[in-house]
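According to TrEMBL, the protein has these features:
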TRANSMEM  6-25  transmembrane segment
DOMAIN    8-382  domain 'Cation/H+ exchanger transmembrane'
TRANSMEM  37-56  transmembrane segment
TRANSMEM  68-91  transmembrane segment
TRANSMEM  103-124  transmembrane segment
TRANSMEM  136-156  transmembrane segment
TRANSMEM  168-198  transmembrane segment
TRANSMEM  218-241  transmembrane segment
TRANSMEM  262-284  transmembrane segment
TRANSMEM  290-316  transmembrane segment
TRANSMEM  328-347  transmembrane segment
TRANSMEM  359-382  transmembrane segment
DOMAIN    479-564  domain 'Sodium/hydrogen exchanger regulatory region'
COILED    504-531  coiled coil
REGION    585-689  region 'Disordered'
COMPBIAS  654-664  compositional bias 'Polar residues'
Amino acid sequence: IPSVSNIVPESCLLIVVGLLVGGLIKGVGEKPPILNSDIFFLFLLPPIILDAGYFLPLRPFTENLGTILIFAVVGTLWNAFFLGGLMYAVCQLGGPGLNHIGLLANLLFGSIISAVDPVAVLAVFEEIHINELLHILVFGESLLNDAVTVVLYHLFEEFANFEQVTILDIILGFLSFFVVSLGGVLVGVIYGVIAAFTSRFTSHIRVIEPLFVFLYSYMAYLSAELFHLSGIMALIAAGVVMRPYVEANISHKSHTTIKYFLKMWSSVSETLIFIFLGVSTVAGHHYWNWTFVISTLFFCLIARVLGVLVLTWFINKFRIVKLTPKDQFIIAYGGLRGAIAFSLGYLLDYEHFSMRDMFLTAIITVIFFTVFVQGMTIRPLVDLLAVKKKQETKRSINEEIHTQFLDHLLTGIEDICGHYGHHHWKDKLNRFNKKYVKKCLIAGERSKEPQLIAFYHKMEMKQAIELVESGGIGKIPSAVSTVSMQNINPQTLPLERVLPALSKDKEEEIRKILRTNLQKTRQRLRSYNRHTLVADPYEEAWNQMLLRRQKARQLEQKMNNYLTVPAHRLDSPTMSRARIGSDPLAYEPKEDSENLPIITIDPASPQSPESVDLMSEEPKGCSGLPPSPEEDEEGLVMRVKEPSSPGTDDVFTPGTSDSPSNQRMLRCLSDPGPRPEPEEGEPFIPKGQ
């Protein structure tokens, strides 16, 4: 029924199914099963977390890691202590039914109910297709706050058994947070490296490749839980570390198996969790207290909103892309609670916590309110506020090249400025990974392959698989390499390609160009300091040249202002011949042609006005030599300009034509003066010319 699923999230429908199943079982006189905490934490939760960690979008996660950690650590601590303190005040004022609940019990309840649940967030946020930034902020917070929840839960549970809590116990509890979180990450990294190293030797038995991924991931989770470390953080670390190396070693069939088996496994676990929540609601023992339950619900919402507003105000001081009020509303509204809180509440012991049933009732009420009310209304609110949605786009080689280029550019800028930001450390990590880690964890030639070539292989393999599945094997382009064909069918190599491919030399040349131009970032330089800069020997000469050029322009502008006759634009040779032909008398050589100045023409561009140069303003008769009859007949004498000697600056070398009087004479000569207008009926070019 699509009309129902578009309004109600799948998680809400599953809880309703669980309520109906639980009511049916109870109606026939049987005892409904309750969601056991061991079953939840050992069998139902790991597949969901492994699916989220293995396919985690690493780039947006690392770019927003600081924001996610602040929300996960500081936000969860704020929620736990704010809620626990206010609930303790409510218990003191709430009457005889609540007076016996102490401060530690309320703080324990606050730590259970304060954490955002990853299962509920995944179930709701994947349906509304929110943009990648908001999704990774809320989902990353729900993953990483597990360490805070585990520490606070065990801490207050232990403190409840103590007769007196000392300052040393509080300090040790604070230090245990770092042990739990970093210890979980370390366990995950170790098992991830082992899984990647094992996948290097499985080329002859492809069937068991997916098994190693699941086995080592589950071992990481169990090892972390064994030592009371954060199992969720261990699973995430193992998935993130092993994925790039495992995918380079395993076959395409194994990759497909891992992908779809994880999706199916996590989907089944998610379905069972929400159904069990509904069944446990019907089957469990409940103790309803209006004051406690309504206060819990109200203070949960208030703490979440205040925490997001205050932390975002602080975070926006350091972020380049600020979180807008719409983003803050979605982050606050998306803080859903789920089955982790219910399972932690179910783990409480009756001996030390006699109010366990009341706690479970309040927890289930908060879960139902967040999943049903907030989960059902977040989609229309996203549409109402016009929050940016996720855009499904396929990655391309062009995008990959530009992304790498920007990364290298920002790394170089940080090196020049002497500021070692996250681009610098990311580049260091990539260098270390390429130089040492890849050689140990990736088999064959793939370990030496640049990132761009590896990405290209991944894309062409995907394209080849799609073509084979669609029956278009004859249309495979020539760019599909033998690596992809081996991954498609590792047993039989193709004898020849359908279309002619690039030669090996050409392919190697292309790879060499890509390696040299796209993969090498600049080496680390000394940080910028204006006191240690070396003087540039060419800087003074360049400044002098600029000053002389500026003076020349100023002088030309002054001359333009003083001249009364505007400069006449020289005509093209065709127009000049036409004008001479139409009025030959006006252009007939005069008898005193020896008094005219000599004009030289630059042979490089005869038509340009800059090529005209006045060599002599003196009349030829004044030079002491009689004019020759050839010169007398020629009128204006055109001579070729002498080429300048090499090394001289044409712009700044002063010549005879640079004086203002020469320029004025040139402008006067360029204007032939008024001509009589041709009479009507007279041809423009007379016949015989």
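Note that Cβ sites are derived from N, Cα and C of the backbone, with glycine treated the same way.
Keep in mind that this is a model prediction, so the values were computed, not measured.
The transmembrane segment (6-25) is not in contact with the transmembrane segment (328-347), judged by fewer than 3 CB-CB distances under 8 Å for residue pairs 6 or more apart in sequence.
Of the candidate ranges 68-91, 103-124, 262-284, 68-91 has the most C-beta pairs within less than 8 angstroms of the transmembrane segment (290-316). Ranked by Cβ pairs under 8 Å to the transmembrane segment (262-284), the stretches 37-56, 68-91, 103-124, 136-156, 168-198 are led by 37-56. Same-chain neighbours of the transmembrane segment (218-241): 41-42, 45-46, 49-50, 52-56, 58, 118, 143-144, 146-147, 150, 154, 179-181, 183-193, 195-196, counting only residues six or more beyond its ends whose CB sits under 8 Å from a CB of the stretch.
Ranking 37-56, 103-124, 168-198 by CB pairs under 8 A with the transmembrane segment (359-382) puts 103-124 at the top. Taken together, the residues of the coiled coil (504-531) have an average pLDDT of 58.
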